[in-house]
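A short worksheet on the structure shown next.
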Amino acid sequence: MRRCCVNERVLRVALLGCGVVGSEVARELLEQPDELAARCGARLELVGVAVRRPGRQRPPGLDPALLTTDAEGLVERADLVVEVIGGIEPARSLLLRAMAHGASVVTANKALLAEDGPRLYEAADAAGVDLYFEAAVAGAIPIVRPLRDSLVGDRVDRVLGVVNGTTNYVLDQMDTTGAGLDEAVQEAQALGYAEADPTADVEGFDAAAKAAIIASLAFHTRVSAADVHREGITGVTAGDVAAAREAGAVVKLLAICERTAGEDGDPEGPGAGVSVRVHPAMVPRTHPLAGVRGAFNAVFVEARGAGPLMFYGQGAGGAPTASAVLGDLVAVARHRVTGGRGSSESAHADLPVRPMGEALTRYHVRLEVQDRPGALAQVAQVFADHGASVETVRQTPLGDGAEGTAALVVATHEARDAALAATVEALEAAPAVLGITSVLRVEGA
Ligand SMILES: NC(=O)c1ccc[n+]([C@@H]2O[C@H](COP(=O)([O-])OP(=O)(O)OC[C@H]3O[C@@H](n4cnc5c(N)ncnc54)[C@H](O)[C@@H]3O)[C@@H](O)[C@H]2O)c1
Ligand SMILES: N[C@@H](CCO)C(=O)O
Ligand code: NA
């Protein structure tokens, strides 16, 4: 039984937004007040829920008198503010106002953090309050706090993430059922993973925001969404998925955050930087990320001391996301009770974000070529002309109805992405090449 204290401290909680995530946060606050009080060392009193439409149905047990459309007034009378409205405005102004009035804040808002994170951190520092955002990256999966706290004594070299559940579901369906992209997106919509307008997911905006947040934390460097090279999954074809399958791999939309070496190949020397990008990539089926199925998320971290680490779980959904929000809420409440703050922004490394063309990547290219003497030599020459070194080549005749043509599958060694992209462009113009049926970068091999 919980120990009761007559003078138990009360912390006033304001909830901004009562949609998919907000209604789950409200439900937990109302359903387990004693348990949360025991964990925080203070009672969390929900003093208001800012909503846009007060008439809508709300979680059972939520006193309608707590609903308000005056979010600005609400944040001024709270000790702790949870923002689950989403988008840039009014979320940003409300968080800044909350912190200016001395409240610690918890947000799930990846878009805002990736666009204007430093401004929020500065406001938190100025006010001496906490800014926590575990739910902003990969929902329920603890990854923000591991990067911010647990791994802060190590050196993170690389993070590979499957951080968008919708696109992972779509690509997984294409792999397991042979479905085309449009069909798989429609299934994702029918299941409620993809929005009616799936642009943020399929074009990689959601993953790019998460990549920016991960890279900032991992490399102690400010990285915004605008710094992230972004390619979504709209160009992924059934042919790409089949080519990956043939090669013993799967196609994943990856968020890739890695250190890039400077002059003389020294990862810490002059010219060192970071590469932050989101694009589809072929991942060998033996890699832990290849086993991330359906709408699940996972983040694979490579750190110098820790070695490889894998974080796996649900990246979206009301209850899983609320789990991360409540974890943050308890943490910031504890700081209020015991004094002090959690970690703030760590951006001292200030590494430059390198352009995509400089990233070291590997390509897997499937071509249809004329099956005649010299065709292979011509293709090999195009790679050589661009300084792209071929690792393996496999040729198979295309068979019935396609006599005189062959499929050529070329895997390269690592090279600058710009050189590999230029190689593919030149291949298109080579006389022996009838068509390029798949181009994928390879990661995790
Ligand atoms: N849903 C998820 O699975 C998930 C996962 C991780 C992170 N997030 C993040 O959590 C946040 C909320 O997502 P959601 O899925 O709950 O969205 P949602 O659209 O279901 O809920 C947002 C709510 O905010 C309300 N709202 C909009 N403007 C408002 C205003 N000015 N004042 C008060 N309320 C207002 C809307 O009416 C809506 O009910 C977003 O930042 C999102 O990126 C969501
Ligand atoms: N739309 C996102 C969930 C919230 O980030 C996804 O599909 O993973
Ligand atoms: Na998370």
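Glycine residues also receive a Cβ, built from the backbone N, Cα and C atoms like all the rest.
Positions annotated as NADP(+) binding site by TrEMBL: Leu16, Gly17, Cys18, Gly19, Val20, Val21, Gly22, Ser23. Residues annotated as NADPH binding site in TrEMBL: Lys110. What TrEMBL lists as active site, proton donor is Lys210. According to TrEMBL, the domain 'FHA' annotation covers 337-395. Here TrEMBL flags 364-441 as domain 'ACT'.
Known features from TrEMBL, placed on the structure.
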| residue | record | Cβ contacts under 8 Å, 6 or more apart |
| --- | --- | --- |
| Leu16 | NADP(+) binding site | Gly22, Val49, Ala50, Ala71, Leu74, Val75, Val81, Val82, Glu83, Val84, Ile85, Ala91, Leu94 |
| Gly17 | NADP(+) binding site | Ala50, Val51, Glu83, Val84, Ile85, Gly86 |
| Cys18 | NADP(+) binding site | Ala26, Val49, Ala50, Val51, Arg58, Pro59, Leu62, Leu67, Val84 |
| Gly19 | NADP(+) binding site | Val84, Ile85, Gly86 |
| Val20 | NADP(+) binding site | Gly317, Gly318, Thr321 |
| Val21 | NADP(+) binding site | Val84, Ala108, Ala135, Gly318, Thr321, Ala322, Val325 |
| Ser23 | NADP(+) binding site | Arg58, Pro59, Gly318 |
| Lys110 | NADPH binding site | Phe133, Ala136, Val137, Asp206, Ala209, Lys210, Ile213 |
Give the subset of the recorded positions Gly17, Ser23, Lys210 lying near ligand 1, defined as CB under 6 A from any of its atoms.
Gly17
For the domain 'FHA' (337-395), DSSP counts of helix, strand and coil?
16 helix, 18 strand, 25 coil
Where does Gly17 (NADP(+) binding site) sit in DSSP terms: helix, strand, or coil?
coil
For the recorded NADP(+) site formed by Leu16, Gly17, Cys18, Gly19, Val20, Val21, Gly22, Ser23, which further same-chain residues have Cβ atoms within 8 Å of the site's Cβ center?
Leu15, Glu24, Val25, Ala26, Val84, Ile85
By the count of other Cβ atoms within 10 Å, pick out the sparsest of the recorded positions Gly22, Lys210.
Gly22
